[in-house]
Amino acid sequence: MNLLWLQAGGCGGCSMSLLCADTPDWHGQLRAADIELLWHPSLSLASGAEVLELLQRCADGRQPLDALCIEGALLRGPHGTGRFHVLAGTGVPMIDWVRRLAARARHVLAVGSCAAWGGVTAAGENPTDACGLQYEDERPGGLLGAEFRSASGLPVINIAGCPTHPNWVLDTLAALAADSLAAADLDALARPRFYADQLVHHGCTRNEYYEFKASAVKPSDLGCLMEHMGCKGTQVHADCNIRLWNGEGSCTRGGYACIACTEPGFQEPGHAFAQTPKVAGIPIGLPTDMPKAWFIALAALSKSATPKRVRDNAEADHLLQKPALRRTRLK
Amino acid sequence: MSRLIVGPFNRVEGDLEVTLDVADGAVRAAHVNAPMYRGFEQILHGKLAHDALVFVPRICGICSVSQSVAGARALADLAGVRPPPNGQHAINLMLATENLADHLTHFYAFFMPDFCRPVYADRPWHGEARRRYLPEHGVQTRQALAARQRAFTLLGTLGGKWPHTQSIEPGGSTRAIDAAERVRLRAKLREWRAFLEQQLFADTLERVSGLDSLAGLWRWHAAQPEAGDLRFFLTLARDTGLAGLGLGPGRCLSYGTYPQPDGTLALPAGVWQQQPGGAQVLALQPEAISEDASRSWLESGPAGAEGAAVALHPWSGLTRPAPDKADAYTWNKAPRWAGQVVETGALARQLVAGQPLVCEAVALHGCSVLTRVLARALELAQVLPLMERWLQAIQPGEAFCVPAPLPDAGRGMGLTEAARGSLGHWVVVQQGRIANYQIVAPTSWNFAPRDAAGVPGALEQALVGAPVRAGEDTPVAVQHVVRSFDPCMVCTVH
């Protein structure tokens, strides 16, 4: 399977993240998955005229294109001209290149939340009229339109995340190269289900604090980040605490809230990112698959049963209380 | 005179187009265009002040920690707080990891592959260059990418993830390090040191950072010219004339970086400038910074006494697109220091710090492709041992982060050094919300367009004189010059 990677209106962070894939031989793993890189802006030798020739051949259909990866939002402004992002050396807006290439590609992939939904590039007043390939936040449409299907019959595959995890990208590409990713393997937002069927909450190291509603109240505290610090891990689709980042990390392990970066519209939560919005002292964003009343009842109960150890440690940046040593064997 | 438009440039971060006027086999004038605009300064307008820390790392995926540090420092300045020593050390370790990993990525993945081009097929070293640095197969490039991946596992522990780490707060780092983690991080630093000492330098870091004269450098090279990638680079640089290629403006800026608990900076701040009788280092004056938008697709500041738009200090800076502006040719503004063009980056940091080898090399050759690459390599050798010291200075059990409540109104400045140079954030807050946020990135300095007086930016000056061989539509010398600055265009076009 050959692969063309272009960067639209983003920060390049998904490419840089990709290079952090856990392997001693980055290029070797692509070859092992039968993936041939036609061109990537950070990683290829070809430059200038050589690249333009390649892009032209892909757009004309003279060069078959199996997978088109787009990183970054599609900048439609100003006034629909696309001039906020002109592909260097061509005088042609990137959105026009993407439309032409997508029409030829067997698979089209949105790498990262900017390419999927617009993401951070579409935040605030969205000065560049940024959108995703096939979504604008959670609304289907985007640059290519809700009806778009690539030559394989699949919609744009949204490998959302800000940045996206290197292995979400590599696993998706490897599955496509092996012809083992079908429509049923995508969730309702066209994200690969192998990571989107999990919640960030799963595998979170703060789960004991969560169980007892022993909460962090300030940055660097060890407690659960959900009640006060804006964490959305119980609602957000991604396996960040199971498939770790950069060896052994995740946002919650790093001491900061999950801001839902794999979800459409995460860039405008309507509240301070690091503060949990509440009504009458109760967080609004409770886990979606349990009745709210039950959650509140259980939270009150577990708070009253919180061990001193857990309560004390929750508001410190290192363990103040260690689990007690038992003199007798565990029963 | 003929005109060449070169792009897309690759192996730079983001988008870049260069227009060259060529005559008699050399570049006579260059216009540098950053052809993408994202508008972070507009996006930040009206946001809650603390929310800036979610947005600013996402300006750039290659130096996102640097953006975080500048943003957190601007908010710390606003709040009037300083991180505790553990927080400072942890942040310095994260910033240094990113900066050094950037140098590594730049050398192996962005800069050296150009020597694999067919244009050099007649050179005796060409086969060896291809064996080492061909992007998909080069043995050294592949090892360097693996070393980079391992280096960033430091950030898995220190900051949760990279890029877009959010553990850097005005009051310190949200991720405390315990004693066992400190030991594991030390092992990772040792592993990184081993890669540099075995592959890049074929010598100890201390020997390399201690090189203090050009004669010493070339003696070090001559002893084993094939050993290690830095010596091999020196061989190529001598053969291809990189010492005198790509001369910058002769004035270099560093904000200084890596603050220490005693209030000093591990790498000092200042402005180095070439003088007829020798170089001098001036004190950095942040108030002397301005941005000129006369040749940018952005609204200019108000007209001054003589009718021309004045360049604005970032406190009052403007970022409003004007895509139809006549005579404009880039989305980048033109930052100036005391009205003058400056270059920034590892070379500037080493010159301001007075590193003797770099000072002597620049005195002889000027700020050029060779000296830029050399300064980065020396910084790798110099900063990794500092990281080992900072890690050792961390006291598990003591605070990493202190409370930093933000006032409802005020302003703050955050200066730091990213891998590719000086990065500044200026924030003005009213009623708890951002009334103005201005970002001046390293590549904004280096890849600046002409200003109101018509003076070209640093790269525009450095490209003049670059040779263009017959038939070249993407001249290799131009690529060496551009990449010697290690540009990060996505930062520039924030």
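Here the Cβ of each residue, glycine as well, is placed from N, Cα and C on the backbone.
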Listed in TrEMBL for the [4Fe-4S] cluster 2 site shared with A:His201, A:Cys204, A:Cys224, one of A:Cys231, A:Cys261: A:Cys231
TrEMBL annotation, [4Fe-4S] cluster 1 site containing A:Cys11, A:Cys14, A:Cys162 - matching residue among A:Cys20, A:Cys58, A:Cys114, A:Cys131: A:Cys114
Among A:Cys11, A:Cys240 [binding-site residues], residue with fewest other Cβ within 10 Å: A:Cys240
Cβ neighbours of A:His201 ([4Fe-4S] cluster 2 binding site) where a neighbour is any other Cβ within 10 Å: 21
A:Cys240, A:Cys258, A:Cys261 excluded, remaining Cβ within 8 Å of their centroid ([3Fe-4S] cluster): A:Gly161, A:Val200, A:Lys232, A:Gly233, A:Val236, A:Ala238, A:Ser250, A:Cys251, A:Thr252, A:Ile259, A:Ala260, A:Thr262
For the binding-site residues A:Cys114, A:Cys204, A:Cys224, A:Cys231, the one whose C-beta sees the most other C-beta atoms within 10 angstroms: A:Cys114
Binding-site residues among A:Cys14, A:Cys114, A:Cys162, A:Cys231, A:Cys258 whose Cβ lies under 8 Å from any chain B Cβ: A:Cys14, A:Cys162
Pairwise Cα distance for A:Cys261 ([3Fe-4S] cluster binding site)/A:Cys162 ([4Fe-4S] cluster 1 binding site) [Å, integer]: 5
Nonlocal residues around A:Cys258 ([3Fe-4S] cluster binding site), in sequence order (Cβ under 8 Å, 6 or more apart): A:Val200, A:Leu225, A:Cys231, A:Lys232, A:Gly233, A:Val236, A:Cys240, A:Cys251, A:Thr252
The domain 'Cytochrome-c3 hydrogenase C-terminal' (A:198-273): DSSP-derived helix, strand, coil residue counts: 5 helix, 6 strand, 65 coil
Same chain, 6+ residues apart, C-beta under 8 Å of the C-beta of A:Cys14 ([4Fe-4S] cluster 1 binding site), given in sequence order: A:Glu71, A:Val111, A:Gly112, A:Gly161, A:Pro163, A:Thr164, A:Val169
8 Å Cβ shell about A:His201, A:Cys204, A:Cys224, A:Cys231 centroid, [4Fe-4S] cluster 2 site members excluded: A:Val200, A:Arg206, A:Asn207, A:Tyr210, A:Leu225, A:Met226, A:Gly233, A:Thr234, A:Thr252, A:Cys258
